[in-house]
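Database features, via TrEMBL:
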ACT_SITE  E1303  active site, proton acceptor
BINDING   C54, C59, C62, C84  [2Fe-2S] cluster 1 binding site
BINDING   C124, C127, C171, C173  [2Fe-2S] cluster 2 binding site
BINDING   S362, V363, G364, G365, N366, D378, L418, R446  FAD binding site
BINDING   Q809, F840, R953, G1127  Mo-molybdopterin binding site
DOMAIN    15-102  domain '2Fe-2S ferredoxin-type'
DOMAIN    240-428  domain 'FAD-binding PCMH-type'
Amino acid sequence: METTTTTTTSTSTKRCLVFAVNGQRFELFNVDPSTTLLQFMRSQTPFKSVKLSCGEGGCGACIVLLSKYDSVHDKVEDFSVNSCLTLLCSVNGCSITTAEGVGNSKDGFHPIQERFSGFHASQCGFCTPGMCVSLFAALVNADKTNRQEPCPGFSKLTVSEAEKSIAGNLCRCTGYRPIVDACKSFATDVDMEDLGFNSFWRKGESDEVKLGRLPPYNRKNATCVFPEFLKKETTMGANLDSEGYHWYSPVSLEQLQSLLQINEANDGTSMKIIVGNTGMGYYKELVRYDKYIDLRYIPELSIIRKDPTGIEIGAAVTISKAIEALKEENEVEFSQEAKLVFKKIADHMEKIASGFIRNSASVGGNLIMAQRKHFPSDIATILLSVDAILDIMTGQKREKLTLEEFLGRPPLESKSVLLSIKIPCWESSRDVSCDNYTKLLYETYRAAPRPLGNALPYLNATFSAQVSLCKNSTGLMLKNCRLVFGAYGTKHSIRAREVEKFLSGKLLSIGVLYEAIKLLETLVIPEDGTSSPAYRSSLAVGFLFEFLSPLIDSPVEISDGLLNGYNSTLLFKNSNQELDQFGQTKFPPLLSSSKQVIQLNNEYHPVGEPITKTGAILQASGEAIYVDDIPSPKNCLHGAFIYSTEPLARVKGIKFKPGLSPDGVIAVISFKDIPGVNLGSKTVLGTEPLYADELTEGAGQRIAFVVADTQKNADIAANLAVVVYDKENLEPPILSVEEAVERCSFFKVPPSLYPKQVGDLSKGMAEADHRILSAEIKLGSQYYFYMETQTALAVPDEDNCMVVYSSIQCPEFAHDTIARCLGVPGHNIRVITRRLGGGFGGKGVKAMAVATACAVAAYKLQRPVRIYVNRKTDMIMSGGRHPMKITYSVGFKANGKITALKLDILIDSGMFVDVSPIMPMHMLGALKKYDWGALSFDIKLCKTNLPSRAAMRAPGDVQASFIAEAVIEHVASALSMEVDSVRNINLHTHNSLDLFFASAAGEPLEYTLPSIWDKLANSSSFYHRTEMIKEFNRCHKWKKRGISRVPIVHEVAMRATPGKVSILRDGSIVVEVGGIEMGQGLWTKVKQMIAYALSLVKCGGTEDLLEKVRVIEADSLSMIQGGFTAGSTTSESSCEAVRLCCNILIERLVPLKERLLEQMGSVEWETLILQAYLNSINLSASTLYVPNSSTMRYLNYAAAVSEVEVNLITGETTNLRTDIIYDCGKSLNPAVDLGQIEGAYVQGIGFFMLEEYNTNSDGLVIEDSTWTYKIPTVDTIPKQFNVEILNSGNHKNRVLSSKASGEPPLTLAVSVHCATRAAVREARQQLLSWSGQNESDSTFCQLDVPATMPVVKELCGLDSIQKFLQWTIGKI
């Protein structure tokens, strides 16, 4: 029986574009076909929740819900898509729902948005609208299913689906745990006990009470109403013309052939065939095409046909639809074997990209990219293994090719179109053996930085084999073996035919497997230039071993078409411990139950209360306004930077690529156009030019600023710009710290910023029983990956003034820089900052130049100019964290007590000084967390021709934390001691703490680390788990676990911060502070402090003051001396500043209150304030909080235990569990601080485990996109994440006894790296035993940062499989 499904029944086209956004009708007649939905939404509609972050489908910030009406079946299809890739012309007849459409402040917020706020799942908020829409799409589709009705208050969504709904969305702030909890709160199978800390209930309350306190959810909340006026439009595709550009929507193959023939006749025109346009995310396009042909309305290309011979999928069918078709039960009866193959293909497809990409990307488009452009396709690999047949049309000619033939051909001509892909039913296509015991094995493999996808693989593979159980033998024989490998640095997926031939007909044994692997090594060889080539080859070996080894000498039974016990069988009969070593869990649960232990403090109510973050609900609805959301003023222009691609060269001129004249260019601004000083940034530490003059000093340096009519045209023009360089008679560039030392190229560190040595190094070394001399460590950089890239808007004002809106952490410094660059007085400039979409230090000095560039262009052209820096440019220019080289020598006693440490540190500062001089002080603050006895150091800031580095969250501290742990681990290794014992013996006493930190150490009772250290050992069951891990490692060959406990002592400093509090006539309160809100909850804590401090007036109604407070945007003319928002202490400094303001106001109000009490008996807040106005009492107070020099520095204490599991075949590290205890003093807001702790920690995981940020031989950044730069995602954080915030009592010199939480927790993430090192050490000892060496032969092994999969696998042994097989053969 044959079943046929088509996704559309279009029979006609129309000349206009009709669609709806949040129910609002749009009808367009003149549309540039290259316009994306995102570009239209942000420029032509009021809906700004769709955010531009990466522009390539890799982050989820731009997600919308797209709804299509199927008139044949009278149903609506809803799915999430990337608006940054979806072309506007492709949404004809569709309804688009944004976060504002899900819920908003006018019509009411959706429970999703309310729960995101209540679960504290939004910090900077830039990613939150996309998260909410992703979850909304999952809810809509789950509640359409015919699953059992859920209990009231829940949806039909499962916990697993809830977690995966945001698996493709990136967040840099929260650490994901609260986001997942908000999502899981809707799931029908959720255990309410698993949901973490929130504002709805308190620990210990019943499930019924908890559910009652959640914002109520019912099926109506998951209904997306499709506008009636669109239903008649849905059968039509659009045919549009715009200034010589055309969009065609053919409805038949005949129309398509005609269009292709016309295009072939007109050689001068360019044409693009599209379905979902997702390929644009990978292959960036610099020019527009003349013609766009949309294939989605051709029935033959949208067909899904099933019959006994297999499944045929139209080339325009999306990957998501293909997955559904491969999984669904239907009337066609397939064999168990066929179902197995189809399901495993579908399972693998679910790891491709992300859900919203799969909803748009077509199966055919993926294969075309693989064939024409050598895209590292998973689909090509999995379909090659099943002999997929492709139907291709070229003109009037139709031909069918196997996928292998298709991939092997020259790139497909533009006039050729892939029509469909046939996946054969295995049973019908195979040679049926007379042996009744012959059955099928089929498995797919993928190694990628992220388990759930959203990352290209290092290598993928698909294996199938006919296996027969021989009657006269206990072994298994392989027949018709197929081994396919792809994405490893080859032009396309390949079959390893030589290995297939070798294995076919052979009885499986260790010797046969070893020979097959040796043969495979000669075949899977990445092309030159491929990253980690040896690692990729080792993956091929590992996957083949994983596929075949369970079949050797195993008690396997064959029945019902399947191999029972496969993938969970034993490698050897007597090795019961190996039962789960090859368990292939396709989609493991992401997060298990986690605990958040919070100690509430009511002493200064509402300070200390875990209230939700100010503005979180507006962030969830997309109504919170960021700089790029500000509507463009009339005649606004847009800018883009032209940067240097050479490390050191003279700039002779700028031109555009021949034959590619960019549209809409108004001007190109360079240093010659600067009216004042060529200044891009200015701090007390140094300056940086806005643009290179005659000489560019490093790759990524700004050379010029293209100004055009749109941001798109500006970006295209900047990409088309060609800088003419001259390098004659110039010295070679300095591209390493070693070269900088050779040429004495350094920046100076002011003596006041250079820390003091501790103790007597010579004496300490003399006391040592052992010494390690001149060991080396190298640490790389890390990119900020704020979700909102650098952005600014400059608007000329009257009388030679300029208003600049900037996403910046230090408006005051941008103000001064702009004034000097324009050559005008400071009072002519106003810099305004409301909120940042993430900062992490990257929007300090680096943001000054962005704001200044817009101001210079606006000044010259006398028109508003704005910029939203595209992700690639931002990554190339931002600099990021400081790389460094460390050489250390350490002396220590036989018991592990360290007596002396000497450090020589070379820091790569890049081409300009930025804030590099702060690095020595920051590094020493974190290094001194252990009692080193004596500590000597020489820290040099190297001036190189690389991008200038800037402060990044915990600058220097995170590197120093790693250095300290590396030294400890090295000492433990040298003494063959447990690392934890060496840590223990080198923890500070209060006396040594006082020696190392002087006044910052505080009183003995303030030193809470020893109690934290012990408490964490108990709460995390550290010692018990350590023994369990030893047992686990003894029992498992191919997975090893490690556990590590690390402390931190983190020094922070308070800074002078201004504040201003004004009480309005109605009793509401408006507040200004120097600190900038960028997700850290600064506004929230300030509001709480205001409510507490003003409540001390002690009149009626002050218990509700919190709701009366509004913190307004920073204005550099209104709030001067704002300084930097950095260093973790700006929130508490701002709180203290406004508290001082409130004290002044209280002092003014109390006499009036006393008089009114005598007259009235009681006084309400509103009455008091009204009377104050009538009595002309000044109700505005401003202060500059200046910390006491003797107490401005203090120490933060915390500790973490992390447990990981390393897969020795792939090098993948899984974070199983993390436990943290963090001393927050008396937290100003434990919900905010909890978010800071978790978010910082996960950002630290990125630095230590995932994020590579390298430069090429010219100093230009290599990892410049979401395709190559991988921050943590929901599937790479600890599966169990337990955090306790310790309330350590009074600290009289702190702001209401509170402590910082923004940066110190990031350094705790070194525990994950240390745990990984422990697991790797176990793997190396096992490898040595296979090689016949004694374990004592092993030397200390330094695990690089980041410890990516290739790094870990290399240390575990790229040839570990071969060594194991040789060892096994030797035993036989």
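In case you wondered, yes, glycine gets a Cβ from its N, Cα and C as well.
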Residues within 8 Å of the C54, C59, C62, C84 Cβ centre (excluding the [2Fe-2S] cluster 1 site residues themselves): L38, K51, L52, S53, G55, E56, G57, G58, G60, A61, N82, T1266
Rounded to the nearest Å - Cα separation of C84 ([2Fe-2S] cluster 1 binding site) and C127 ([2Fe-2S] cluster 2 binding site): 14
Within the domain '2Fe-2S ferredoxin-type' (15-102), residues counted as helix, strand or coil by DSSP: 16 helix, 31 strand, 41 coil
Cβ within 8 Å of the mean position of the Cβ atoms of C124, C127, C171, C173: remaining residues of the chain near [2Fe-2S] cluster 2: S122, Q123, G125, F126, T128, L170, R172, T174, M787, G837, G838, G1079, G1239
For the domain 'FAD-binding PCMH-type' (240-428), the mean pLDDT of the predicted model: 92
When distances run from the Cα of G1127 (Mo-molybdopterin binding site) to each of the binding-site residues C59, S362, G364, G365, the nearest one: C59
Distance, C59 ([2Fe-2S] cluster 1 binding site) to S362 (FAD binding site) (CA atoms, angstrom): 20
Distance check against C171 ([2Fe-2S] cluster 2 binding site) for the binding-site residues C59, C62, G364, F840, R953, keeping those with Cα within 10 Å: C59
Rounded distance in angstrom between the Cα atoms of D378 (FAD binding site) and C59 ([2Fe-2S] cluster 1 binding site): 20
Binding-site residues compared (C59, C62, C84, C171) - the one with the fewest other Cβ atoms within 10 Å: C84
Site diameter for Mo-molybdopterin, Å, by largest Cα distance between Q809, F840, R953, G1127: 12
Whole-number Å value of the largest CA-CA distance among S362, V363, G364, G365, N366, D378, L418, R446, listed as FAD-binding: 26
10 Å Cα neighbourhood of C62 ([2Fe-2S] cluster 1 binding site): matching recorded positions from C127, L418, E1303: C127
Candidate nearest E1303 (active site, proton acceptor) in space, where candidates are the binding-site residues C54, C127, G365, R446 and distance is Cα-Cα: C127
Number of other Cβ atoms within 10 Å of the Cβ of C54 ([2Fe-2S] cluster 1 binding site) across all protein chains: 27
Cβ-Cβ distance under 8 Å to G365 (FAD binding site), same chain, at least six residues away: I274, V275, G276, T278, G279, A315
